[in-house]
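Mind having a look at this structure? Questions to follow.
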């Protein structure tokens with residue numbers, strides 16, 4: 001593999017740049033600091049050369065460009081599998097004889113297809129993003145590893161995972177005010193062509209002088225919901241009975257809100273403007289659009305330090321606002337104090353921090369928790385947060401850590417598998433991207449991902465916005481229903497701002 005790197009002028013308008021490049025199999029990842037809300041970094045996949053799709057135990061790898069076809073040939077040799085119809089099809093079977101929880105992490109799985117991307121090629125020159133793969137893990141990715149029922153499809157039709165390999169990647173560092181463009185070349189024959197693509201991108205960057213201008217469209221403002229408050233509250237009561245029986249301690253029950261969405265990119269613009277978050281993303285597939293502003297890290301792994309971290313978020317309050325909808329700082333401080341000293345919220349949060357520590361223990365030599373019970377604030381809500389860090393055991397990589405963590409206790413419950421079985425019973429349909437993760441893997445071996453919450457899945461101009469609430473014995477059913485509405489409000493507002 002040959003890596004091409006071009007320095008480019010700094011551009012403070014990543015969304016305006018993405019608008020010029022928006023097509024199928026592209027994505028934009030952005031990040032903002034929680035405290036200052038200042039933007040820190042943007043990653044823009046301008047062109048993908050491969051697409052990987054997982055459906056339960058089958059992974060299909062398809063080339064999207066001639067250069068991707070060359071990489072597919074390399075992968076064919078690596079996996080010892082022939083190419084048919086411009087694609088590789090890999091099938092994985094669980095080894096049910098393995099009982100040891102640590103050894104189970106190393107059984108064959110669809111994650112091996114992602115590992116193969118990086119094991120099959122040697123990168124030169126060395127750059128952390130020489131080879132870059134990014135995409136989505138669904139909530140139901142867990143079903144391959146655990147004995148869980150298969151559910152009917154939801155409007156959120158995201159596969160178990162969908163990942164792309166970048167042919168052209170633009171990296172913008174907003175702190176350093178720098179930019180670079182990377183090209184991944186898998187055959188000498190395509191070097192000149194990819195070098196030209198990088199020069200064209202460089203010219204495009206130079207010519208963008210102003211920010212993205214959002215568009216509007218005529219569409220309905222109506223919002224519908226998968227289950228109304230009354231039905232949701234009955235499900236809360238059912239879970240509380242299961243808690244009394246000792247089946248679970250906590251479960252995260254969710255519901256979906258639906259509305260029309262004709263201008264996804266403009267809705268994303270309004271969302272990130274009102275709700276700058278550590279993880280902001282816009283993904284355009286051939287089948288759907290997924291965008292969001294997630295406050296919660298799924299798994300962050302630094303290959304250089306061999307450390308993984310999880311950022312549990314559990315415990316929510318509305319922001320303190322006046323009648324005009326502006327932040328009332330005295331009221332906001334009272335809400336923050338109330339959240340930090342609420343026995344129910346603290347107990348729920350500590351339980352999920354303990355679950356995160358247990359997940360980390362499976363793959364780490366040592367671990368610790370810092371930032372315990374800190375408060376992060378967003379446009380409509382504030383959350384209790386903590387950070388769990390661990391140094392991975394020998395032989396473990398980012399995907400072993402993700403497997404151990406999947407799915408986040410803050411989106412499932414405790415004990416995790418028992419809670420998920422009850423969630424499946426009550427929700428009775430796939431969550432798809434909701435509660436899974438969005439993230440990337442790079443050639444350094446590092447991974448960064450967020451839990452797919454505060455997100456919107458759009459297919460055929462229909463938006464699915466899903467949100468959940470953590471149910472414990474002390475939960476007040478109406479309050480939990482209200483919490484789901486509070487969590488989706490920023491997305492509903494963002495879409496409504498695109499309506500003419």
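Glycine is treated like the rest: Cβ placed from N, Cα and C.
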From the candidates 31, 36, give the one listed by Swiss-Prot for the same L-tryptophan site as 278, 279, 280.
31
Cβ-Cβ under 8 Å from residue 483 (Mg(2+) binding site), same chain, 6 or more residues apart: which ones?
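Result: 316, 467, 469.
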Are any of 31, 278, 279, 280, 348 (the binding-site residues) within 10 Å of residue 315 (chorismate binding site) when you go C-alpha to C-alpha, and if so which?
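348, listed in sequence order.
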Centre the Cβ atoms of 31, 278, 279, 280, go out 8 Å, and tell me which other residues of that chain have a Cβ in range of the L-tryptophan site.
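Near the L-tryptophan site, beyond 31, 278, 279, 280, sit 29, 30, 32, 277, 281, 293, 294, 450.
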Counting across all protein chains present, how many other Cβ atoms fall within 10 Å of the Cβ of residue 278 (L-tryptophan binding site)?
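The answer is 20.
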Restricting to the record's L-tryptophan-binding residues (31, 278, 279, 280), give me the longest CA-CA distance in Å as a whole number.
7
Expressed to the nearest Å, what is the distance separating residue 279 (L-tryptophan binding site) and residue 454 (chorismate binding site) at their Cα atoms?
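Here the two Cα atoms lie 10 Å apart.
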